[in-house]
């Protein structure tokens, strides 16, 4: 009983804790954990197999081997528990204490802890302000260090070599003290006066000017302060006592054949003990210094190896040449403690088997093999057998079950009814990878899976396996049923669209039955109901695709749930009429009155969910599936070789292309085109030939000519099986059919470049040997890619989950007024993503004003936009909306529901406790395997787009120019003179229809604000040269134009005109290196002219290779080109695509040759140049100048004297997200990352809601750099959690003190995960050693806010159903801490009664 009480008491102790603190262990602490000192390296006696006394497995120290039995066997049984045997000294207790009793080793000489020594930055080095190199020399006995200078002229911490030390000894005698080894470091650390050090450093920080010194001081100050605050003492980084792990955690297992398998730790401990004992003996014998030193060094090395083998020097290896696994290796990596045992555990009550199709199942069911079910539900069956009296004991029940009699199966049926099981398919990439189903018992050994959930599991039936888990407790069953049931997971959390969508054969069947066929049996018949039409079809009186008239009854359900019935006669087909029979009431017939491809089916299911709710949708989906299977069977669609019709025009098209190629080759031979041009042109020719063949083939396949009932020939969609499969979306695509019946087209070489000769054959004709060989590369690459992709995609998901795991919805509304501005996504003349798709399910941040009114509010702020409101927005032609976003949410920890908006998987406002972070990570990571791995070489076909030279508009409307600088030339046309000009076309309702970037020097046909009709060409420019445009009228004057030094004259072969070319400075003779050729504009009197509106002279510096076609003294008008700079034909840049691009964006990597943005607003000028760089000087409005050095090879977009805005592009290139954040702010960087990531997914046809990407961006912006610390404890330049700074500032404001200011910092996902507040979460992610070292030194306390930390300590997570539990715990704790007032008055009677009750309740046993 006592044991039980003790046990219960212990249980309570560990349960209630609010945080986990990590720190350095002091020697006293290690001794207090220990149950005795391990003195001998022996493990167990080889004859008796009993543990040796005082050895590594000693029973005296660590506890008995067998339960309640001492080693010598004097005391056995439970009644002796707690007795310590006087003979062998072993306490009689449970043997499991050997898992938690520790021992210790008293080290004969102190030893430095390798983590604090070698884990960079070295903590010991920082504390002592010495270099790691020096410290190692002291530790490993190469030099002395002065610990007590005394009255000498030596400095404390000065390093002395052996000879120097001897000299000093002669000079000063024993006035000073210098030591080597860990003792020296120990005494130096012990001497540190932290308060004094901190004061000194703070003072120095105020006075120092050098940046490097300040950085170094800040680092050291943070470390010393964290020691000061955390009650860790610096000298504890040196070990004097070494703890010994409990023996059952480093077991010694007997193998058969009398050998033993042992944990590597035992070897490592043995080494330490051996060397320690030898050192003790040597010290007792007063051995020569050099021997003792060597032994001490060896001891240091063996302790290093025990703690972290291989960190310093060569790893110690065991007998089989494999490095021994040290304590650090035990916890880090995929196989370490964190990831193997704490985050991922194996569970009981589970089984796995192959899956097969269950076409007859309902959506909420799965087929479970009887054998498996019996095994999984055994305990329940036993219980039921006893309850029914069929078995008296568990043993008897067991016998019955083993016999597998009839009554057992009946009972199993009863047990299983209404008891859901979880089905999981690895890899579980998103939360739909585990769903709950009700089991149905089946014969056989394979699990049956409902076909509609295959998409969510990404399962197919080619041998996939799935695992079954049984939720045991009633709570678990409830959760499985209400949250995880497959019927509750109809919408995908990634984009809010149905994921339970029929595919493949079902789609084909539905498509086949909803197609119409001209002149089919029974055309133009009239039916009084859909039922009658079905009857006629079953009787064979009418064909399935016949066009007939049917009387349809339709129910319309209004918003207020009122129903109106309408009956009318509709012309439709028999198949669609039959399909209408399975539609739920209230769904409009228009949804199925068309050929049902995959898209249309999805639309119908979506509409059903929004109109009628979840129950009807599930039934409808099931019925669709049954019907689809039935009619797919009836259709008899199959593929035969004649279905792949080769177009007759193919031969002529190929021949024409070959002739063109021949012509190009002849031109190349004659030297008229370069090799590169020939290559590009040939590839263009073949690409377009391929397109034409494909087009001819599709036209041929998709239409049939038939005779209608009137005897006329008409075209109808073909019933060719191959075409039907592709058209319905069941299987295959136009691109694949092209390879079957068109031509295979161009192939790539292994290095990614395209081979000039295409494969003109297709698979139906067959390939010859060469063609086959060329195409093998593609097949091989596909397989290699897939393998790489899976690993990389998994790693991306892991990093995303890790950064976002602690983001949970914690409150209803944070009251934030901020948000992001959302506009439709338009590229060129196409709307890529309409506004409604981007704002659906978001909350409005600022009132939406109806366009064209003076402030009539269309939708007020804080309203959730649903489908109806989005229709309203579209009708009113709103073209931008401010929506709330997680990024601007002001909740301290977590986010609020209003800023997140709709829960995509449920279709209503998100609830509290929803783990939006993990959901976002899964939604982005799950499609990762569909993305490509390769980088694209843009060459050939793609580079044509780069050299466009005009803009042709596709819509009618008004022109609007944004951030445009332009001049009007002599012909009254607009000439653009800035680089970031955008031209948008706006329709009558004020909606943006298209937008285009205009290059510098483009000539516009119309002015800003002019009307334009579609098809007009509005802007022209020369794509091959870059003009320099004048902004004033005047006379040209050349400066620094010296022939042969800075310029050369060239005459054009064709025209005979001469032009001046500027020589590249690198190629000029030395005399010309410093010349800066310029064109200057002067008035007729020779005075300088100024650029209008400024006092900057109108002079244009000319870049290398610029061509000037004017003569000195020529007159120029506004908008003329003074010079032209030839553009390199746009080089084929590799575009990083697919997965690597997404990873780069989330890691916030600065791209190579990033764009240079203006740091301040002002006027630009050039300062003095250095060897490889130019000096840009931007003069601000207040006269301050900002300087920046730019490499000379960078092509600048801006001329001297131009005004630029902060954040404007000075030199082109990919923009760096860090620059965007610094110069333009949070909203633009969020938009940039969101759009760029979406771009990659859009190319693959994957839809992900913007919200998810914003959630990740929000987590990347968690940290800020302190710019001014005000009255706070932060240091300037320190990186701090934004939430902490905000909370601290709130406190400072309340106290009327100065607040701290900070700049947001964008961290990549790996960096941000490692920089989380929670050290447990960071350590379980990556770089375990570094994270734990840092945390221990700082004495960090993990508050257990996130999900990962709680999983690791074995609690419910603070999300989902665990959220309420944590809330309740917090509330209870607050109530406990609240000052108790009334309860103090207790009358003695009740107190006595309570005490008596308590005493009676507890039975103290013997």
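Even glycines carry a Cβ here, placed using N, Cα and C.
Since the structure is predicted, the reported quantities are computational estimates derived from the model, not experimental observations.
Take the Zn(2+) 2 site that Swiss-Prot assigns to 889, 896, 899: the candidate from 814, 870 listed for it is 814. Following the DSSP three-state reduction, the secondary structure of residue 88 (Zn(2+) 1 binding site) is coil. Checked against residue 462 (Mg(2+) binding site), the binding-site residues 70, 72, 814 differ in C-alpha distance, with 814 being the nearest. DSSP classifies residue 896 (Zn(2+) 2 binding site) as strand under the three-state reduction. Within 8 A of the CB centroid of the Mg(2+) site residues 460, 462, 464, the other residues of that chain are 355, 459, 461, 463. Same-chain residues that are not part of 70, 72, 85, 88 yet have a Cβ within 8 Å of the Cβ center of the Zn(2+) 1 site turn out to be 71, 73, 74, 75, 86, 87, 89, 90. Counting in whole angstrom, residue 899 (Zn(2+) 2 binding site) lies 67 from residue 85 (Zn(2+) 1 binding site) by their C-alpha atoms.
For the binding-site residues listed here (460, 462, 464), the lowest count of other CB atoms within 10 A around the CB belongs to 462. Distance noted between the C-alpha atoms of residue 88 (Zn(2+) 1 binding site) and residue 464 (Mg(2+) binding site) is 58 Å.
Cα of residue 814 (Zn(2+) 2 binding site) to Cα of residue 460 (Mg(2+) binding site): a span of 45 Å. Look at the Cβ of each of the binding-site residues 889, 896, 899 and count the other Cβ atoms within 10 Å; the largest number goes with 899.
In sequence order, 811, 813, 816, 884, 886, 888, 890, 891, 895, 897, 898, 900 are the residues of the same chain, not among 814, 889, 896, 899, whose CB sits within 8 A of the CB centroid for the Zn(2+) 2 site.
Secondary structure at residue 70 (Zn(2+) 1 binding site), taken from DSSP and collapsed to helix, strand or coil, is coil. Other Cβ atoms within 10 Å of the Cβ of residue 88 (Zn(2+) 1 binding site), summed over all protein chains shown, number 17.
Looking only at the binding-site residues 70, 72, the densest Cβ neighbourhood within 10 Å occurs at 70.
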